Structure formats: structure tokens, C-alpha cells
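A.B. asks: What TrEMBL shows for this protein is this:
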DOMAIN    60-424  domain 'SAM-dependent MTase RsmB/NOP-type'
BINDING   Cys178, Ala179, Ala180, Pro181, Gly182, Ser183, Lys184, Asp209, Asp236, Asp262  S-adenosyl-L-methionine binding site
ACT_SITE  Cys315  active site, nucleophile
COMPBIAS  633-643  compositional bias 'Basic and acidic residues'
REGION    633-677  region 'Disordered'
COMPBIAS  644-662  compositional bias 'Acidic residues'
Amino acid sequence: MGKRSRQRSSVQISLSTCLKCTIIFQGWGAGYADIVKENKLFEHYYKEQGLVPEGEFDEFMEAMREPLPATIRITGYKSHAKEILHCLKDKYFKDIQELDIDGQKIEAPQPLSWYPDEQAWHTNMSRKIIRKSPLLEKFHQFLVSETESGNISRQEAVSMIPPLLLKIEPHHKILDMCAAPGSKTAQLIEMLHADMEVPFPEGFVIANDVDNKRCYLLVHQAKRLNSPCIMVVNHDASCIPTLQINSDGKKDILFYDRILCDVPCSGDGTMRKNIDVWKKWTTSNSLHLHGLQLRIAVRGVEQLAVGGRMVYSTCSLNPIEDEAVIAALLEKSEGALELADSSADLPGLKWMPGVTSWKLMTKEGQWYSDWSEVPTSRHTQIRPTMFPPKDEQKLASMHLERCMRILPHHQNTGGFFVAVLVKKAPMPWNKRYPKKMRLFGYKEDPFVFLTEDDPVFTTIQSFYNLSPDFPKLNVLTRTHEGKKRHLYMVSKELRNVLLNNSERMKVINTGVKVWSRNSDGEEFGCAFRLAQEGIYTLQPYIRSRMITVSVEDIKVLLTQENPFLSKLEDDAHAQAKNMGTNSTAHNPAEPQCPIQLCGWRGKTSIRAFVPRNERFHYLRMLGVEVFRDKQGLGLKPRDGAKDAEEEGAADNEVEVDFENGDENTSSEPKTDNNGRRRLTEGLSALRAVDQVQDHSMWQRRMVCIFTSV
């Protein structure tokens, strides 16, 4: 989904249509019945521009008035992506195909033809229909839960296009200039982690947004992916600072291999879900935004490496915000930039080539075809860069037809514009380094890297028997003084950026949490327990405190709050009992679908320390159906989980014995009524290996790391 603009220091816009879109899944929600979907000025303007093929304008307008289909994307870098797809196709989608509600046959979700590997789907089901059927309600809960776990992203179809066109590779340094709310940023992170065997890709994503509050929405999106290669910063994109890095002992300028320039826009391509645009759309919106869009694009190409790619995109159909910006940028570059031909990059996507002629219209209906026609009184509102170049040869050399405009009626999507720029040479104008800006907004806690001999790390190193190649200099905390509460990790490249730019950029968040302090842990050998969100990053380096458990053991660990060790099967039980001697479990052959979980090992019990939605995710992957009903939470086994009576439930359902609140809100052992610690002994890690009776990748061997205090 593209952006609608917000207030900037240089441009004051009061229209509510110029707020960045936050409704990212409107297709599931109720419509705006009271708003009339008519705007004569809009229709007149786009008829005159000739952007819609002849004979299709009525179809175009009809599509604009229809609700936008809901779309979901399965996160591509997660090792369980294929399992999620298997679950969706063979469980939910298959049942939906045969569903009839009030005589209406429900249209089954369909894959987006142009998105790779069937990882994106769309459907016309509304929330009202979902609520009419218990089956669809479970499907909705599945979507919500998996979205919170970071395994599914609810994202508009056209919003998925720009990251795909960037052609990300794991070593790329990436800048997302106007990133909030973060759906495209998430795609970029996933692409960096295409190889899950590499915990620290060489590349990174710096995600920027001008709005301080919206930066925290961006942090929330990024945190679901648990990557050490993401940094969220808070700057005006049109003058985002030039960063430095240390290269072979000397300071160099950081140039990015890939830049996503998804600029603020008028948002008239979002009318299908943002219904208020109908009554507030005027041509003035684009005229107000053009200058800001061009400044952001210019700042982007200044920071792009030679040979790098920048994708410029908007959720507007207006040439003033689209081709006019690209043409002005190309003209200014004097050959240093060129439009890439992306026509073969997304087979199956229908799009219209960019146009080479367009006109301006004021909100009063006055048309202008050339700058020379504009009266002096309007020169502050209308600028020369808003018009097509007059030199026909220069215009032809720009290849504006390589721009891509997506029209809603062609594939039942929102409206969108995208252009791919390649930098062939340094920009001809002098590099403009912005003045050192005062860091505005809220003051963030510092980012402090541990030193080589930090005493905090000594016990962690020995307790977990970390391998010699563990990059401990990449571990940081958020305080200079007092006890360190949490420890985070970033990649080596992001560490370089942080150390060399602390005074010139405002960092909101970076890295992934890997350890959290446990106040009672020191007497058991280590004051820090493992954090679930960082286990995929840490696991390759941990060489002790692991035990092997079966898949049935996993189900016990994930459905019961604090099961006795005796609940585990014999092999796992024996290993857990020996954990007090710091024994190391056998490490089986690397599986194709690893599960990695953190937890606590007590004197007589063991506990999965896993956020609720992640528990649900793993259980679903094991064939246990999780849903919320009027009685509360229930788990319905799909492939023969443990006997329901043994688990203390009836009607073949397993009750989930979770504590109140989300699992990830607690970092300390609980105490019983006698004041004794329920969980007392040191950190442990469990590996689970077994086969599941399911026609999916879970038939292969699977690992579960279960780390706990």
C-alpha cells in the first residue's frame, strides 16, 4: 500500500486525505455506507488525462466504487512459510471452497498470479461474512494470530510490488525513506533473510519516517520478524543525513545499494478502501505535494550507490505526482540516472506504460498544458517541473513508458504507480550535505555496545558455552549506568553505522533482543535468560543446555503452563533431569523445518517461555487447531494429539493452560501460594526431533530449541 502524505516542515497540508494510510486490511472490515462515492471533478480530470484505455473508463470508475479485496502475504524468510501455505491451502481454503452461507457460495481465496511461490492471496470475503460462519471465524482468528506472530502480513496487493522490483540480495544495504507503517519494510527484511542458515546477513535495512509516533508503529512491524539487521530512524526524508562508516580504518560515506522511495501522496489510488478520499479529492492535493516528492526523490538518488536501484512509488494515479517527478529527476541527473525496463520482472502483473503528455488543472477547472500558459499569480502553486519536457528528443530518451501504472479494474486492486531507477554515474550537482540538524521529538535511550571484557558477558559466555566465533562485540544495551536489563544484537554492518553516526541521526530502535535479566538467575549460574525473539539469531552459537524432545513433548510444553518433567517422554525426561549438571544434548542433523523455543527448567517442572501467538503458530503447524470460542480458548487436535481425557479436557479438545496476559510480558519465575519458586533451576535448551503424521514438510525431521531459566 502506498502512502498518503502527512505534514512536513516545508509543506503544510490540512486535508485528511494527506495522512499516511493506516488501514492496511480494509477489505476485511465494514464499508462506509453513508459516503457517496461520487466526485465529478475526479472523473472529469482523469477522463481528460487519458490514462485509462479507450472504452474502459466506466469499468475503471465502477471498480473504484467497489470494496477492495482483502490480501494476505506469507512471510517469505521464515523457515515455516511453506508450512503456513500448506495449512492455508489444505485446511482453510479447501473448506471455504465448499462453504455456503445463506445461499451464497463463498468465493475461495486465490493466489496473486504475479507474486512468487503462491506467497500472496486475495479474497472478497468481508468481516460480516466471516462472522456468520464458525469456520470463517476460525479462519479470521488464524489470520490475526499468525499476523501477530509475524508469519502472515495483511497487506494490500499493490503495496507488495516495490520491494519485488528492488531485487534485494542478502548483502544489500537498503534505505526505506518513508517507511511507516512498515509492510514494505517487512518485505525488505524478509528478502535479506532469504537464507535462514545465515543469522547475520551482510546487508541491512535502515527504515526512516518523519513522524515520531509512527516510527513506533514501524518498530512494531519490524520486531515481529526478529531481525538483527534493521534500524528505525526518525528524520525528514527530504534532508535525511548522510551517514558515515568505517572502511579499512578510514571514514567513508555510506551509499545504499537499494532505496525504496515510497513517497507521501494524495492517495487517490486508495479510494476503494479509504472512502473519505471521494469527498475530499481535488487537483490541489497533487500541486501541493509535487515539490516535496521531488525533493525526497532527489535526496534518495544522492545517497544511492552507483549501480544501485531506487524504486519510486505512489498510491496516486496523478501524473503530477508520478511521471512529472520522474521526468524532473531524470532531467536534473543529466544522464546519471535511467529508467529500468521492468516489464518482465513480474509475469502476470497487468500495468499501463507511463505517459509522455499530461496537463494541469486547478481546483476551479482551469487547464494548463505548458508552463508558459501559467499566469504569474499562480507561479508559487504551479512549477515548471510539473509539466512534460518540451524537447521531444529529450523526452523520448527518458523512456517514461517504462514507468508502471496499475489501474484498479485490470486485476481488482488499488491504483498504484511505480518506477525503477538505476544510477549509472555520480550525480552531476555538488553533493549537498544537510546541516547538522537538531534531533527533534522524544529523546531515546542510548545504544551502548558491550566491551571485549565486560563482566556481564563472562558468565553468559560460559553458561551457554558459546562458540568462539560468537560476535560478542555486536551485543548492545540501552543504558550507560546501572544494571543492564536487556541485551540486544545487531549485525556487524549495523554496528559500524551506529558507532560512526551517533551524533547525526536519531535512532528509534535497532537489533533484536537476545537476553533478558532474571533477578534470581545469578545463584544458578547466569543472570540472563534467553529471549524468544532472539533465539534464531543465537542458536547457531549455543553449544550447551539442550535436550532432545519429541513432537508429542512439544504439544505438552505448548499447551500446559508448567508441566511436570514426568509429562515428557522418557528420553526427554532423563535429559531434563540431568540439566542441572549442565549436560549437552545430542545435536541431530539439521532439519528442514526448525522450531526454536525458549523456556524455564524447574526442579520438577519445565515451561515453554513463548509468546501466546507463537505457541498457537507452532501448534497449528503440528496439526492442532487453535481457536477462541465462547468458553474461552480451545485447541482442537487435527491429527491425533494426545488423548483428550489425559489432558483434562472433554469432546476431544485440549485446554490451553496459559497464565493471564501474554507470555512475553513476564521475565521472572512465578511463585506459588507458599512463596516458593515454581521454577528455580538454570537455563536449559530443548531440541525436539520427531515425525508428524501429516503430508507436509513436518514429515521430515524437526528441531525445537527450548531455552529456559
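Heads up, residue numbers simply count up from 1 along the chain you see.
Even glycines carry a Cβ here, placed using N, Cα and C.
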A.B. asks: How long is the line from the C-alpha of Asp236 (S-adenosyl-L-methionine binding site) to the C-alpha of Cys315 (active site, nucleophile), rounded to the nearest angstrom?
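C.D. replies: Cα to Cα, Asp236 (S-adenosyl-L-methionine binding site) and Cys315 (active site, nucleophile) are separated by 20 Å.
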A.B. asks: So of Cys178, Ala180, Cys315, which of the recorded positions has the fewest other Cβ atoms within 10 Å around its own Cβ?
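C.D. replies: Least crowded of the recorded positions Cys178, Ala180, Cys315, by Cβ count within 10 Å, is Ala180.
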A.B. asks: Just to verify a number: CA distance, Lys184 (S-adenosyl-L-methionine binding site) to Cys315 (active site, nucleophile), in angstrom, no decimals.
C.D. replies: 13
A.B. asks: How far apart, in angstrom, are the most distant Cα atoms among the S-adenosyl-L-methionine-binding residues Cys178, Ala179, Ala180, Pro181, Gly182, Ser183, Lys184, Asp209, Asp236, Asp262?
C.D. replies: 20
A.B. asks: Averaged over the domain 'SAM-dependent MTase RsmB/NOP-type' (60-424), what pLDDT does the prediction give?
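C.D. replies: Reported value for the domain 'SAM-dependent MTase RsmB/NOP-type' (60-424) is a mean pLDDT of 92.
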A.B. asks: Can you check which residues sit near Gly182 (S-adenosyl-L-methionine binding site), meaning Cβ under 8 Å from its Cβ, same chain, 6 or more apart in sequence, and list them in order?
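C.D. replies: Those within reach of Gly182 (S-adenosyl-L-methionine binding site), by Cβ under 8 Å and sequence separation of 6 or more, are Ala207, Leu217, Leu218, His220, Gln221, Ala222.
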A.B. asks: Looking only at Cβ atoms, how many others are within 10 Å of the one on Lys184 (S-adenosyl-L-methionine binding site)?
C.D. replies: 28
